[in-house]
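Student: First, the structure itself, so that you have it in front of you.
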Amino acid sequence: MAKEFQFNWKPTIIPELLHGSVFDRYDDESTCLELNAQVRIDENGFFLRWLIEGKDAVVLDMGQIWEARTGGLPKDGRIMFELEQRGASETIAERTIWITHGQDLVNVQSFFLVAESVELAKTCRAGINDILKSSRIRHVCPTTQLMKYHTWLTMNVNERRKIPIKLIIKTFSSGKPEKMVQKCLNDLGLGGDKYTPARVINRSMGKKFRNFYKCSRGRKRKEREELDVDILTFEKFQRLYNKICPRTEVQELFVKLSGQKEYLTKERLINFLNEEQRDPRLNEILFPFFDSQRIVALLKKHENDIKYQEDGKMSGDGFLRFLMSDENPPVFLDRIEMFMDMDQPLCHYYINSSHNTYLTGRQYGGKSSSEIYRQVLLSGCRCIELDCWDGTGENKGEPIITHGKAMCTDVFFKDVLVQIRDTAFARSDFPVVLSFENHCSKSNQLKMAKYCMDIFGDMLLSKPFEDAPLDPGVSLPSPNRLRKKILIKNKRLKTDIERHQLDQFLREGKLDEEDELNETPEVVGEDSVSPRSGGSGGTGAPEEVDDDTSDDDDDPSVQTSLNVMRTIPTVNTTSNNGSNRSARSSLDTPSPSGGSLMVPDRATSTATSIKNAVLARSPNFSSLRQKLSFKRRQSPLAGDQRAHPEVEQPVSSSSPATPSISGPPPCATSSGSTSSITITTTGCSTSSSGPSKHILGGEMPAKENDEAHPELKQNFIAKNLKGFGFSKKQPVLTKEEEERIFAEYHYTGATTNIHPLLSSLVNYTHPVKFSGFDVAEANNLHFHMSSFSESTGLGYLKQSAPEFVNYNKRQSSRIYPKGARVDSSNFLPQIFWNAGCQMVSLNFQTPDVYMQLNMGKFEYNGGSGYLLKPDFLRRPDRTFDPFSESPVDGVIAAHCSVRVISGQFLSDRKIGTYVEVEMYGLPTDTIRKEHKTKVIPGNGLNPVYNEDPFVFRKVVLPELAVLRFAVYDENGKQLGQRILPLDGLQAGYRHISLRSDTNQSFILSPVLFVQIVIKTYVPDELSGLVDALADPRAFLSEQKKRQEALAHMGVDDSDIPDVPNTRNMALRHVKQPPRQNGSSADLLANNGQTGSARGDQTSSMASSTIRSPNEQPQPVAVDKFKVDPIEVDDLRRDKAFAKLLKRFQKELDDLRKKHQKQRDSIQKQQPARRRNSSIAWIQTNVDKLITNNRRSTKKEKGSRRSLTASVSSGCGSASGTVTVSVCSPSGASCSGYSTGGPSTPVACNSDGTGSPATIGSPVPQDLVNNDRVRSLVNTQTGEWSAMVRRHDEEEFELKKVQLKEQFDLLRKLMSEAQKNQMLALKLRLEAEGKDLKQTQTKKSMEDAKVIQLDKGIKTKAERDRRVKELNEKNLKMFVEERKRLAMKAQKHEEQLTKRHLDQLEQLDKDFHKALDAEVGNYKEEQLAAQPTSVV
């Protein structure tokens, strides 16, 4: 429910109008003056009525009155004479109240009230305008509208000052029979009195008319019924309404809410107001809930039964009165007032804008009017357009306003400014923008500037504010800062050029001759290249180009239309008398009619005025001949700046011109008093002072004083349009003629020859040619703005929508209809509102659906004409795409449903009706031509629809969305409409009053009774969870009820397992693969399935690094992908590795055999030594020594003098060879002996000396000191030791090579295993992706099938939209899932790759470690080796 708001809609009525005053009345169409008319306004300000003695009252709805202004003198001389007889003639204009009224902007009627005194006229005029300024009365409730109609009945009395019963019967005739209405009147005592009107036959009637009455004298005169005004009170009228039109649908609702009782209790009423009538999204503090205290106040207002009031109950009648009261409006009532922040920069607002404001009809051949500017401004428009051209003929030297070269009538520029001045701030105080499309010469531009300054005065903003200079980065001033200011939008010179020319003009009173006649290239923005428009759509229509857009050559829509064959003109400088001299003299002499030189064949305008208030002398024209001679070769119409070059007087010595299809349109013939250069073309010639008025027969103006050329009205139509098939009996264009004119039309761009004074008046609305969004962003000039045709705007919106939105955050843009809309139709403004375009200009004279949308949108915020754009369209740190279909950050999507229940007073005819509900917003939110009720035949009074709700499931941006309610008859004619903003809409059961197609109220407004549900949008799969969170008690209570029911059926609660919510099953089914959120190591450790490490297997390999011996691998299975580590032992068991080891062993055995052969060879080289006795004796003792040594080796080990026996099993000695070493007690020498083979090596000291040793028995001393023995030992020791070292080194090198090959093979095997592991991982992930796609496809098909089978979806469009929304949601979800799967695969691959690198790195470390160990062992053995010998 809405917060309490004091809605006081009643205006203040001054006593002179409330009690009535006497005026004399006349109108434009009458020729007589109605004297002593009693004029009054009712106490509620609904109607203005005048009563004349002996006549029926005339009642005028105040909602149809545009304004009351100071009147002029009457045109009819008889009326003027009578007014002079009744008062002072010099004060007639001041004593006159000129009231204009009408149901639309174009068909405006007027009447005049002449007061007895100037003071009375001034007071009543101000009182009427004060009533009109308030817009609250347009938003009253249905009860107040019934009161309004009751007031109309009581004021609309006949000559007997009673209410005709027929008016009451006619009220209900659209749904009820007359006898039934009459019976209800009689039941309520409203039958009235009967009387027979007297027949009055005027003697002045014609003979046939008198004979008609004579023939009917025998007929019975029909009796009439009338009712006293005092009898028909509002209470009785309400009872009559409820009796004739019982609200059965409200009664059904009441019975449902009351629980079959005759009243609503306080608790039920509170629950209804807080649950049904409240938007759940509202803040509880700003919009408090209803409590008992507010219910008591509510009952006092609407419940008439005192007992019910005391008991806190509400009856059915009281409930109906509440539903139809001001406390139950469809829109928050504070939205009617000024509720928006008006201190933001000007570009942050939508501005109500008009296109070609001067036109009252079609774009071609239409009528121009200055009066329509008043209606447009009074209707709330804040940006109006003025197409300014040089006047021709008698109006030469005066700027006019017309649609140039489109055969439209003209109005004076000065007259339009007066109308703007009088009405600019009559309804709204916020600034008005005048959009000039300037085609005038500099002299007329000077007049335009002077007219603006003189007429507007202080209202004109002639220079920027000091705190808001025209500098880069400076924001525009706010609407509050610009209150009651008029801004001019016109091209402007560059700053330095403007300053120079303006100083010269103010100093000398004129400009240089070159500046006067040449186009000025120093216009800001005109030297930049504009991007070509992409938007004509291939229609071939000439695109109208605004003054700040591209030239015609830059617009492809213009280029494609220029397929008209043009004939090259010839210049005839001979005047009417054939004198070339007079023609040449006209170049040197100023024209008598205003001093203008007309050169119609220039590509750009050279027409300039030399006569104005500040010029001291006339320029010398003799210097222009060379320029003119060149310009004469140009096309006469391509760049002509005249408004109507086609109506100039043809002068040619040749035969009369014949109209040609390929040439320009035929021209009017008129004589003129001045001479100029005459251009002759095929089918068209011009003369000096030919008229420029174009009036089509079908659009004859009603008032002469509203045209710049009224004298052309008759002769031009009758004589000069015959070439197009026009005649007196054919006042309108045929389709073929219109197409012909349209094909030959060529739009002329606005002039760049700007007068510095007019340029200096442009400030915050400086139009420039659009050069691109990046250029505009780089310049950062907020006061620059650009205009786009709807085609061009759609092109930019299609290509660069976010950039367009950002552009509109900083500066303004204006959108106008494309030139192909010759019927003045409109485009959908919502498209450009979505992009933040401020001035979306429409044709106000055409009240189509799109104009209704514009009027309905700007009806709020006090009707100021300014609406603050949503936050995301203003903040520079936010990015917004108007084509987005997903919710915007910070904006909560809404869900809206509308159920049309019934209607009241929809039509005054007994005809079938239906209701259509549409939504306009973002493209994804816009729903049109889908939701309509069934036709209820033969009842235009109170049809009951009771349709199923029209559901708008997901509204992405509620702030931009509006609802449109429209009622049509069975033939498709619109009966009423209403535009309501979604962000201000109230939920619950509401009555919606409808408006006319021009957004005006009716005397008895049609009303729709609807139920509106607004809440936060929740996806279907989460609705159950949201409901449970919103009301957990109800959710648990429902669960408990079901549990008790199952227990009653014998089912134990323990037998029921917990199951997931079916609403989330589909979502869970898609999301079943779990996501891993651990570290990368954990993620990889849980990945993979390993098998054998053999290279020929394609199964998964282990994915762990080479671990230390104490580290134990721990394989874990995740996502059905088991991982085991790669073990080196597994790799060593590979066939290739076993084969390599076998080859290594063979190589080693071969090397050892080779070494053994070498040892055997050395032993064979010393046979003589063994025969020596001493050696033999040594040998014998050595054998004994070996025998003893075996017994005592362990005991004597480590002794300084010891016998060491070792069995060598390594390389360097034969198997089973025993080596014995004998050392002296001092340790200085030793002798080595070896046995067990053919030869025995003996170990000696390093110097080759041996010491005598006692082995078993003492060694003879002489043997030890024997030189021969010593030399033999030394020689044998050296040879043998060298051989042993060489063998050891060869074996070491072989081991190194084998170790390297071994680890190379391990590396190769590991790489293959890693490759297989990676391949298995990819195959697994691909399988998961394939499974995911299959699951997603299955889900999409199942969801689409559910939607197709959903019986709650009524229309195909809704079903398609649901499927599209579902597909988009699924697509987004599927993309996210696939992204997660891809990220998971990427992480797995990255981690596996890292682990593979670690494994290879560890393998390299192990290789180097093994190599270092081998080298260390080899060095250690070398250090521990002793010299050995064979003896």
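Yeah, the Cβs are placed from backbone N, Cα and C, and that goes for glycine too.
So Swiss-Prot has the following annotated:
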ACT_SITE  His355  active site
ACT_SITE  His403  active site
BINDING   Asn356, Glu385, Asp387, Glu437  Ca(2+) binding site
BINDING   Lys489, Lys491, Ser787, Arg814  substrate binding site
COILED    1135-1166  coiled coil
COILED    1288-1318  coiled coil
COILED    1368-1402  coiled coil
COMPBIAS  1074-1113  compositional bias 'Polar residues'
COMPBIAS  1150-1162  compositional bias 'Basic and acidic residues'
DOMAIN    758-874  domain 'PI-PLC Y-box'
DOMAIN    877-1002  domain 'C2'
Student: Sort out the sequence-distant neighbours of His403 (active site) for me: same chain, 6+ apart, CB within less than 8 Å of its CB, listed by position.
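Tutor: Once residues fewer than 6 apart are set aside, His403 (active site) is near Asn356, Tyr358, Leu359, Gln363, Tyr364, Gly366, Ser368, Asp387.
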Student: Whole-number Å only: compute the distance from the Cα of Arg814 (substrate binding site) to the Cα of His355 (active site).
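Tutor: Their Cα atoms are separated by 10 Å.
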Student: Distance between Glu437 (Ca(2+) binding site) and Lys491 (substrate binding site) at the Cα atoms, whole Å?
Tutor: 9
Student: Compute all pairwise C-alpha distances among Lys489, Lys491, Ser787, Arg814, the residues listed as binding substrate, and give the largest one in whole angstrom.
Tutor: 14
Student: Compare the Cα of Glu385 (Ca(2+) binding site) against each of the recorded positions His355, Lys489, Lys491, Ser787 and report the nearest.
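Tutor: For Glu385 (Ca(2+) binding site), the closest Cα among His355, Lys489, Lys491, Ser787 is found at His355.
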Student: Cβ within 8 Å of the Ca(2+) site centroid (Asn356, Glu385, Asp387, Glu437 excluded): which residues?
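Tutor: Those within range, site residues removed, are His355, Thr357, Tyr358, Leu386, Ile401, His403, Ser435.
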Student: Roughly how many Å separate the Cα of Lys491 (substrate binding site) from that of His355 (active site), to the nearest whole number?
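Tutor: About 18 Å separates the two Cα atoms.
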Student: List the helix, strand and coil residue totals of the domain 'PI-PLC Y-box' (758-874) as derived from DSSP.
Tutor: 49 helix, 21 strand, 47 coil
Student: For the domain 'C2' (877-1002), what are the DSSP-based totals of helix, strand and coil residues?
Tutor: 6 helix, 57 strand, 63 coil
Student: For the compositional bias 'Basic and acidic residues' (1150-1162), jot down how many residues DSSP puts in helix, in strand and in coil.
Tutor: 13 helix, 0 strand, 0 coil
Student: Between Ser787 (substrate binding site) and His355 (active site), find the distance joining the two CA atoms and give it rounded to the nearest Å.
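Tutor: Checking the Cα atoms of Ser787 (substrate binding site) and His355 (active site) gives a distance of 12 Å.
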Student: Could you state the CA-to-CA distance between His355 (active site) and Lys489 (substrate binding site) to the nearest Å?
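Tutor: So the alpha carbons of His355 (active site) and Lys489 (substrate binding site) sit roughly 14 Å from each other.
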